[in-house]
Each structure stands twice: as structure tokens, then as C-alpha cells.
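> This structure is in C-alpha cells; I'll ask about it shortly.
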Amino acid sequence: MDPECSQLLPALCAVLADPRQPMADDTCLEKLLDWFKTITEAGSSLLLLQENPCLVELLCHMLKPQDLSSRVLSFSLRLTGVFAAQEDCFQYLQQGELLPRLFGEAGPLGGAAWTAPTVRSGWIQGLRSLARHPSALHFLADCGAVDTIFSLQGDSSLFVASAAGQLLVHILGLSMQGPADGPPSLQAGDWPACAQKIVDHIEESLRSAATPQITQALNVLTTTFGHCHDPWTRVLWVRLSPLVAGLLEKDPVPAAHSLVDLLLSVARSPGLSSSSCGLWETLAQTLSRLSPTQAGPLALGILKLQDCPQALRAQAFAVLLQPLACVLKATTQAPGASGMVDGTAGDSVTVDTLLPSKAACVGLLCRTLAHLELLLPLPQRPCPWPQASLLGAAVTLLQLCQGSASPTSDAGRHLCALLLGCVRVQRAALDFLGTLSQGTGPPELVTEVFAVLLEYLRSPDSSPTVLKKAFQATFRWLLSSPKTPGCWDLDPQALLFLRELLPVLQKRLCSPCWEVRDSGLEFLTQMTGRWGGQASFRHALLASEVPKLTEQLLRDPESYVRASAVAATGQLSSQGLCVSPASPEHLGGQQKSPLSELLHILSTDSEGFPRRAAMHVFTQWLRDSHADVVGDTEEFVAGVLQVASQDLDWEVRAQGLELALVFLEQTLGQPGSPCPYAVTPPVVAPARPLAQALQPLCRVRLFEFAFRALFDCDRPVAQKSCDLLLFLRAKTASSSSPQEARISPDVASVEAALQRWQAGDQAQPLGDLEPEVVLAVLRSMDLEGLRGALAESSDHVEKSPQSLLQDMLATVGILGENEADCY
């Protein structure tokens, strides 16, 4: 510990021990505890206490009957655990009876402070810290702490209850590390005392008729098998598995969700051989005993396992598919035909679960669709995969929700009434349908997919979120449409669908709901980016009003829509698909180009989102050599940087630096790698003098923009500028000739201006800079040091331990105002 901190520590301990003093907030106490943890991890806790006796006095003061702050008491309990984690310091604290009086029945356990959850939490965390050596185990057994931990598992505070369960797992693991001659015996008498007590309590809880106690026991076991993988865990499972299996004989099965978590934790544990401990049989029995809602997560977990018997995988997949099989069975006209894999025809239990209420029906279907969506991309997904049946089920669900299905059975009509207009199922089914686009399907089913998507996009009843997901699913299915080898154009079926879709998109772009307009523009941007160069798509799009509407939406009252319109316009313009109508200001026929429109938005829009979108478009245009840019690249870059430098949004300024970097790379050129198989080496163009190469950068005032950004008040902008200038300096250093390196122009005026900028006075511009001056300034600047300073947190000075102690003392007036840092 620093001498300065040692001098401040006695005063701070006196403040903490005095209940009359105003107490520092929890953040200060947490930082103080972290500091002590750092000290004890690096050195001796015993030496720390001996050199700073005020710490022991503080802990002893907690034992006096007084009106202590619960926060300070909790802090002291945790601090004691930090010190006692080292065995020699533990023995030192034991000699003074400090540990039994703090953590035993004579301590906070019997006082009024125990009613505060923060004290109970501090007690648990203190024990968690000190339980690291054999002496701690004997202490826990002797002071009765384990029994208290058992009771805290049912604490009213969820944080305390969870911490108690985790502490039991930690103590159990520490106890079982004792035997060095192999795993412990199955005989109860051979288990260490603490471990035996915990396992006995778990056994008693599993035999209990009270569901909360069963849940607590299952949660402890789940954490144990999830974190402990030593051989003794197999012994533990063999001992307790009959009691776990016995839970399946109860009706209903208690704590089903916790039981599922435990079984999956055991199945994933590398310390267990599932085939030799009866786990597969227990999993199969559990699948058959749980309700469909409870069994879904278990079935998904089983199917995610790498090594699992095929029969169990088939059973789990059948359980997962049952709700969708019921949907198909209830709506199909062919009796008994669900189309799913064997064993999923839709048993009576699942039908009863689906139909009683809308909440049960919707919840089960949404969970089933989510589970299948997670399973689809996995390499261990079941094979064969019933792609056609799942497509049919997803389409049927969407039709039921839309009211376009015509079920003939009573169950089907009931299901239709439950799902009609259900947005939750619509969203889940559209997500699942989009994921299914990764596979193939019969042509007639694909036609149904496009039909139901078009139905949703057309329907006035579709909510904005449903429409967004319908657009997303539509794009994914268009991407997956069959293609002719060597041709990326849309196939005839997709093209026919597109011609029906564009009028719908036109209508959605005119929607009074801004979320719908925004989703339509995002969809248009995706479509144009993918098929903008294809003749069939171009012809269909230009024959519609979509480009004109997109241009009009650049002036939408909602900023999110304007931003999406900017992105769509950028994509349309890149593909030559923009239609520029006469502007309202020039009715005689003068037209505005997309570049002029977006520059106007960058200069005048009152919201940040459209301006950011414009900067992204400009950067992409420069990178792709857009037609409007290559005509006069320097004028384009200079104009954009001039506007961006004055923008109040730091993201716009940062994107301006990205554009500057692209221009810099294009101007100086990136060294390319010659083809190793070329017959003759490529002809290298003679390199231009460095000063000549930098002239375009000077003409667009790129350096003034970068230097100004270097002292930006927003750190991300300054960091990006620093990286750009470091890149430029490295680039020029490798390209400059010895003669250029020896040139030493007068840079005093530029450096003086930069110093004023750094001080906050950026009113005076740098003016025209010559390349030689720029190179000299770059060589003289400590950019590496600046980058290091920018990488530090804004409060790195005030985060020191000395500053923390001063601030805590200043809150009670012990230090003068000028002696404390503010952070």
C-alpha cells in the first residue's frame, strides 16, 4: 500500500465506524473493496493488517451493539472474507474470535441488521471469499453457517437466494477436493463432513412434498454439474439420480423447468458417461412425462447434444414437432395426415394443450417455432429434416392468423378463432418462414409461400412489426429462388411475384404509419443492392412509381424515414435507377441530381440520422467510384468535408474521417500483390514525388479537417483522426525520398495554430497548407502519445486509490475542499 494511502486509512476507518457520519455511496464502497482485493491478490493480507491495525479495529467495531449502517456492515463482512481468503490471515483473525463473532450466531445473524437484504448478501459474499482452504471448511462446520445458508436458499430476496445456492455449490466443491486418492466412495460415512451435510440436505429436499424445496435442490445440482467436472460428480449423480427419477412419478411433475435444466446440465457434463449412469433412460422418461410446453426446451437441448442415442433424438424431435403436427392435423382435409415424421401425428395431450385457451395456444406455438428456428442451422439437426411439412405448417399458421384458412374440422375452426389476428404468432411464423428459406421445397409449396407473403404485405390489418418481418422473409425467399447456373437474375416465378409486389411496395411507401414507410425503404435498399444490375429487375422497378416515391420521402417529416430514404436513394443512384423529378423550387424543368439532394440534407437536415446516412452514402459512392463523384472527385470530397467539419453530430464528423481515409488511400494508392503465376512481372508505374502526390489532399483541405478532428471534444472522433494521421505518416515515411526527408520548412505558425485549437480556440483556420509543411508537422507531433492518452478513460487520474480515499473523506468534511478530486 502506498504511504499516502496508509496515512489516509485511519481517518477513513474512523468515519466508517461512526454511525453519525454521513456515509459514502455504494459505488465508493465497491471501489474500496476492489482496491483491497487488488492489494491482497498481490501480497500478504496478514502483513496488510499488521501494518494497518485500523482495519482490524474497524472490523471489531462492527461487533459493538450500535445503530450501524447496513451498507457499512455488509462492506465489513465482505472485507473480512477478502482478508481471510489467505489461510495465515484466517488463523490470525480466528485467534481474536473475530470470525465466529462476525459470521456466527453471535454476529449480525441475531441482530436487527439481519433484516436488511444487503447485510445477508454481504454475509454470503464474505463466506464465499474466505472459503478457499481446509481451515475455512472446519470453521463453516463449527459455526453453523451451513444451516444458515440452507435457510437463505428460500430468502425473499432473489439475489440472496441465488447467492446462497452458489455458495453451497462452492463449499461442496471445496470439500470434495480433499481426497487425493481418487473419487469418494458411495458409502455415506466416507464423504467429508461438509459435503455429507450438503448432500443429505439435497436428498431431504428431493424427498420433500414442497415444490420450493425441490426447486432449490435441483438448482444447486444444476450449478454443481455445470461448474464441477471432477470424477466425484459422477458418484454424486449415481447417488442422487434415483431421487431425481422419482420426481417423474409424481403428478404433476414438480419443478419441471428446474428438472429440465438439471438433466441437460448433467448431459453436457464432461465428467459423466451418460450411457453408464442411466441418464438417457431418464431423459426419455422425462420427455414422455412432461407437458408439451415443459418438454420443448428439453427436446431442443437433447437435439443440440453432440453424442446422443438416435432413438432419443427421434423421440425429442417428435416432441418438438407435435404442436405443428396438431396444426396440420386440425386443418388438413385428409383425415389423419399431418405430414410430419413418425410419432408426431398430434397426440391428444398436445391437442388439449393447444385448444383450451388463447394464451396456452399462442405460448406453445411461439416457443415451438423459436426452438425449431434455433435448431435449423445446427450441423447436428435431425436428418431427414421435414422441410415440406414445416413449410406447410408455417404457411398454415399464417393463414389461420390472417383468417384466410378454411378448416373443416371443429378443432381447426376453434384453432382459427384462437389465432385470428394474433401478432405474436404472426411474427414468430414469419421469422421461422424466413429461416426455412435456407432449404428447398416443392414448387407448389414455394408458390404458397410467396402467396401468403404477398397476402400479408397487402393486408391493411398487418401491424407495422408484422409488415417488417414480412418484408424480411420476402427478401430471404427471393434470395433463395432457383437460379440458372452462371446467372444471378431472378427466376420466372420470383419475377412474376416481384411484378405483383412492386405496386404493394408503392402503397406501403405512402402509408400514414412511418414504421411502414421505413420498412418499405429498407426492403427496397436490400433489393436494389442485390438485383439492381439485373435487366428484369431494373425494367420492373423503373416501370413503377417506387423511385419517384423514394425521392419524395427524402423530405418525410419523420427523421428515421428520411435516413432510410437517403440509403435507398444512394443505392438506386449507384445502380442508375434514380428518377430525378423537377424540384419544387424550379418548376421550369431544372432538375436536382441525387448528389445535390443528399448534400442539401447533409447541410440542412435538423436531425442526425439523415445526415449520418448521407455520409455513409457519400463514403460508399467514393469507394465505388460513383458516376457523380468521378466527374470531379476533389470538388466532391472538399464539399463534403467542409460540411461535415461543422456538423454538431460526432458520428457525422467521424464518418467524414472515414471518407477522408478512402480518398487518402485512393490518392496515394495501395500497394498490390503481383500474381505469382504471371509470365512476366507487372510493369510498375514510376512513383510520383511525395509532395506532388499529397497536393490533392491539400487542395480538398483534408489535413485541416483531420487536424481539427484531432482535438475534437468527442473522443471517438479524435481517436479516428489520430489513426488516420498515423496511417498517413507511416505511408509517407515509406514513400519519401532522402531529399524530401531533409526538407525542413517553417512550421511555427501551423504549430501555434494547432496549440490554440488544442486549447479550444478553433476559430482561426490553417489556410492553404503545402505538402512539405504537412509532412514536417506530422513528423514533429507525438501521435503515439496522443493515441495512448485518448485510449485512457476520462477519469484515469481520479481512479487512483489515493483519490478515492480523499473523496470519501471529503464527503464528511475531514479534508479541505481543494484536497479532493471530483469524479
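The backbone N, Cα and C atoms fix where each Cβ goes, glycine too.
Okay, so Swiss-Prot annotates it like this:
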- CYS822: Zn(2+) binding site (BINDING)
- SER744: phosphoserine (MOD_RES)
- 100-200: region 'Required for interaction with NDFIP1' (REGION)
- 495-531: repeat 'HEAT 1' (REPEAT)
- 544-576: repeat 'HEAT 2' (REPEAT)
> Taking DSSP states H, G and I as helix and E and B as strand, how many residues of the repeat 'HEAT 2' (544-576) are helix, strand and coil?
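Result for the repeat 'HEAT 2' (544-576), in helix, strand, coil order: 26 helix, 0 strand, 7 coil.
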> I'd like to know the mean pLDDT over the repeat 'HEAT 2' (544-576).
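It averages 96.
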> Could you pull out which residues elsewhere in the chain have a CB under 8 Å from any CB of the repeat 'HEAT 1' (495-531), counting only those six or more residues past its ends?
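For the repeat 'HEAT 1' (495-531), the list is 450, 454, 457-458, 464-465, 467-468, 471-472, 474-475, 478-479, 488-489, 537, 540-541, 544-546, 549-550, 553, 556, 558, 560-561, 564-565, 567-568, 571-572, 575, 577.
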> In terms of Cβ proximity under 8 Å, which residues at least six beyond the ends of the repeat 'HEAT 2' (544-576) contact it?
502-503, 505-506, 509-510, 514, 517-518, 521-522, 524-525, 528-529, 532-533, 538, 594-595, 597-598, 601, 605-610, 612-614, 616-617, 620-621, 624, 626-628
> When DSSP states are grouped into helix, strand and coil, how many residues of the repeat 'HEAT 1' (495-531) land in each?
33 helix, 0 strand, 4 coil
> DSSP helix, strand and coil counts for the region 'Required for interaction with NDFIP1' (100-200)?
73 helix, 0 strand, 28 coil
